[in-house]
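J.: Would you mind keeping the following structure in view while I ask a few things?
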Amino acid sequence: MNDYPYASMRDCFDMSAYFVVGPQDCKGRPITDVVDDALRGGATFIQLRAKNTDAKDLTLMAQDIAQIIEDNDKSDAVAFVIDDRVDVVWQARNKGIKVDGVHIGQTDMEPREARALLGEEAIVGLSAETESLVRLINELPNGCIDYIGAGPLHVSTTKPEASVGGNDGSGNTLDEDQINTICTASDFPVVVGGGVTANDMEMLARSKAAGWFVVSAIAGADDPEAATREMVTRWKAVRGETKHGFAPRVQSADTATTTDTQMTESNNGKFTNAKEAKASSKLAKQQRVDIAARGSKQRDKAHVRKTTPVHFENRFGSYDLEVPYTEIKLSDTPGVGPNAPFKDYNTEGPKCDPKEGLAPLRLDWIRDRGDVEEYEGRRRNLEDDGKRAIKRGKASKEWRGRQHKPLKAKDHPITQMWYARHDIITPEMRYVAEREHCDVELVRSELAAGRAVMPCNINHPEAEPMIIGSRFLTKLNANMGNSAVTSSIDEEVEKLTWATKWGADTVMDLSTGNDIHTTREWILRNSPVPIGTVPMYQALEKVEDDASKLSWELFRDTVIEQCEQGVDYMTIHAGVLLRFVPLTANRMTGIVSRGGSIMAEWCLQHHQESFLYTHFDELCEIFAKYDVAFSLGDGLRPGSLADANDAAQFAELMTLGELTQRAWEHDVQVMIEGPGHIPFDTVRMNIEMEKAICKDAPFYTLGPLTTDTAPGYDHITSAIGGVEIARYGTAMLCYVTPKEHLGLPNKDDVKQGVIAYKIACHAADIAKHHPHAIDRDNAMSKARFEFRWLDQFNLSYDPDTAIAFHDDTLPAEPAKMAHFCSMCGPKFCSMAISQNIRRKFGNAEAQEKLVADAQ
């Protein structure tokens with residue numbers, strides 16, 4: 001909150017006349033008019049309550065109310081808070097809008113998390129109805145909250161369901177004695193309300209309450225100013241002019257201000273037999289109109305993998321690195337001369353026989369450091385591959401290629417973060433610096449600070465080192481994996497090769513079907529890029545999909561199994577805590593994360609905190625032995641725009657901030673997973689909150705999707721959000737395919753998803769002014785202006801589709817030399833006309849002379 005321009009009101013607010021109001025309370029009148037009247041009548045505290053309003057509209061409403069307070073010259077005297085919506089308060093304060101804090105209920109964000117997010121300067125109020133609850137609130141760390149709101153005094157029109165205290169049939173739910181009991185028990189000033197009218201003023205003024213809060217008696221009055229003035233006058237007649245409601249700030253070493261310690265119609269055709277159905281399915285697949293089905297013949301011809309030799313030495317050895325890149329040869333500019341080949345980032349890896357796998361590129365680098373040891377590893381079980389393997393007595397397609405005994409650390413962490421923090425430049429870091437065209441010290445310093453990660457398990461030496469961080473090229477992850485319904489090992493390996501060919505920087509194996517262990521082994525041994533997983537999926541398969549049977553011991557064993565195989569990063573949904581689950585109960589789409597929903601079910605069934613959270617430090621110790629990076633899962637992410645930016649999402653984010661710090665204490669690398677569905681106007685706010693809460697740990701987001709209305713085109717809706725969130729610092733985007741929400745993607749879907757996201761990543765890198773990001777665009781524009789058609793095709797992300805589109809209307813080979821396309825024809829091509837202008841009238845200097853002569 002360093003940019004918030006207003007002084008804090010934590011130690012100088014007055015709750016004696018606390019007005020709660022929302023648009024729904026104002027009888028059709030503008031809320032600003034009602035607030036203006038209440039201020040003139042003597043209101044000393046304003047709370048905006050509009051829970052179901054979207055974040056953008058609520059922020060604008062808050063801005064209008066803040067302006068009304070300022071217009072009344074009361075910005076220093078009247079505190080202004082928003083009910084429940086910590087996210088809106090955070091966003092408003094960052095925009096310089098005078099919102100002094102938040103009031104939260106017992107089912108909203110936890111007070112410590114609200115304080116951690118909003119910082120020391122904000123007011124945080126909390127609802128409580130009973131003495132026992134107040135005493136529990138007293139146990140919160142010093143400085144968490146500033147006041148308590150108690151009630152209701154009467155059954156009110158705004159909360160008719162509330163009934164607390166000694167309801168004796170008179171309509172009262174709190175009497176003077178009960179109010180005094182609560183106030184005496186509380187370490188904080190108490191404001192009382194709920195159905196309050198002017199007739200309650202004398203009793204409330206006699207009590208120990210610091211003030212009263214009211215909704216309908218003012219907002220629903222014909223004359224809100226007069227109604228407010230009457231209540232204030234009757235209160236002061238007993239209390240006098242002495243102000244109440246001051247909450248001195250408590251400075252304490254354990255105040256929750258940082259995330260270090262406090263801190264989700266079937267087909268109409270009917271078939272009579274399986275053979276007929278299979279034939280129909282095959283025909284439909286053949287007839288499918290799919291851009292990606294055009295293959296990669298031209299791409300493979302034009303995009304050639306080459307390597308740059310780099311000699312590197314450190315105290316462990318001398319290395320001749322071969323760092324890959326893609327070369328795209330360009331034709332000459334007619335009448336001018338040759339164009340240099342274009343060099344691009346390469347992810348596809350060297351070619352190999354899938355049955356043999358890739359060579360272990362990094363194995364010597366790892367062994368030369370002398371800090372790892374080979375060991376037998378855990379015993380392979382048929383349960384690792386699921387129910388079908390148990391029934392068959394083996395997996396369906398065992399890996400027969402290069403075998404290895406697992407490696408683990410000897411006596412200290414062997415993570416790239418640990419090396420970076422000890423000023424050790426590894427071959428992996430030098431390799432990455434060459435790929436990114438940056439200084440190796442930038443790589444080391446970003447790793448040491450936790451602002452970047454290099455997922456590179458020592459048991460996946462086949463992987464070519466890469467880096468994920470906001471100061472480097474925006475990276476792209478592609479998801480794949482079998483399901484219980486469809487897909488095979490061969491198909492998944494083919495998807496891996498296909499995804500990396502088109503530009504996937506990492507791949508997540510999200511298999512949930514049969515042969516999970518064996519499928520993963522094939523993928524790892526053939527993958528030149530880091531592989532991520534969600535170990536909870538395999539753990540659930542081991543207990544036959546019964547979440548209640550999950551345990552820490554089984555999960556831990558599964559994690560070690562995957563570490564030994566070579567998984568580079570794992571999604572761990574440790575931020576889904578028991579107390580957060582009820583926050584999702586009223587969502588439109590509930591919990592949409594598979595891992596998040598599994599843990600939520602387990603927590604509720606066992607009435608226990610998540611074992612992922614309670615055993616997080618042990619997970620850190622395991623990851624540090626293999627250099628596995630955390631991808632802290634957003635198990636409570638919104639699955640629809642309706643659920644975006646809610647209390648559940650941000651409560652989990654606060655916990656991820658805490659877990660990030662704990663992982664860093666173990667020198668374990670961390671990424672933070674981000675939301676999937678959020679409105680476009682809140683995209684920037686989400687990345688800025690992640691940066692603030694998680695101390696700039698790399699953000700890794702699924703899109704986000706910016707509309708929920710486009711099944712079949714969600715690779716587009718999400719790429720739109722992806723550009724925006726990457727522009728402001730998200731380090732890696734998880735692709736979305738056209739099949740999102742519809743089915744398991746095939747090869748063609750993978751290609752479309754990867755290319756859509758390559759475009760998004762590239763657009764974001766240009767917006768970030770990343771060095772050399774614009775080079776490809778300049779090369780394309782030059783080729784376009786010079787009508788070098790083949791170069792235009794080859795410089796595109798999908799040359800085969802570009803050629804197909806061109807040849808659809810101009811298929812003859814001579815057309816690829818023409819100075820026009822079928823859009824404009826030979827007479828109306830603007831670029832051809834521009835060239836004619838230059839030939840006829842000369843260069844810029846000659847044209848300027850002609851213009852000057854004409855004036």
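In case you wondered, yes, glycine gets a Cβ from its N, Cα and C as well.
A TrEMBL annotation is a machine prediction, not a hand-curated record.
Worth saying up front: this structure is predicted, and the values here are computed from it rather than measured.
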J.: Given that TrEMBL lists N479, Y537, H573, S593, R594, G595, D634, G635, L636, R637, E673, Y700 as binding substrate, which residue among M454, M508, M654 does it place in the same site?
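T.: Within the candidate list, TrEMBL flags M508.
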J.: In angstrom units, rounded to an integer, how far apart are the Cα atoms of L48 (4-amino-2-methyl-5-(diphosphooxymethyl)pyrimidine binding site) and N479 (substrate binding site)?
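T.: Given the Cα positions, L48 (4-amino-2-methyl-5-(diphosphooxymethyl)pyrimidine binding site) is 42 Å from N479 (substrate binding site).
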J.: Find the average pLDDT over the domain 'Thiamine phosphate synthase/TenI' (18-218) in the predicted model and report it.
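T.: Summarising the domain 'Thiamine phosphate synthase/TenI' (18-218) by its mean pLDDT gives 88.
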J.: If H, G and I count as helix, E and B as strand, and all else as coil, what does DSSP give for L48 (4-amino-2-methyl-5-(diphosphooxymethyl)pyrimidine binding site)?
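T.: The residue in question, L48 (4-amino-2-methyl-5-(diphosphooxymethyl)pyrimidine binding site), is strand (DSSP, three-state).
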J.: Applying a 10 Å Cβ distance cut-off over all chains shown, what neighbour count does C824 ([4Fe-4S] cluster binding site) have?
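T.: Counting Cβ neighbours of C824 ([4Fe-4S] cluster binding site) within 10 Å gives 13.
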J.: Check H677 (Zn(2+) binding site) against DSSP and tell me helix, strand or coil, would you?
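T.: Looking at the DSSP assignment, H677 (Zn(2+) binding site) belongs to a strand.
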J.: Find the one among the binding-site residues R49, D108, C824, C829 whose C-alpha lies closest to that of Y700 (substrate binding site).
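T.: Comparing Cα positions, the closest of these binding-site residues turns out to be D108.
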J.: To see if you understand the setup: which same-chain residues, six or more apart in sequence, place their Cβ under 8 Å from that of D83 (4-amino-2-methyl-5-(diphosphooxymethyl)pyrimidine binding site)?
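T.: Within the chain, D83 (4-amino-2-methyl-5-(diphosphooxymethyl)pyrimidine binding site) has Cβ neighbours under 8 Å at V20, G22, Q47, L48, R49, A50, K51, V102, H103, I104.
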J.: For Y537 (substrate binding site), just count the other CB atoms lying within 10 A of its CB, please.
T.: 20
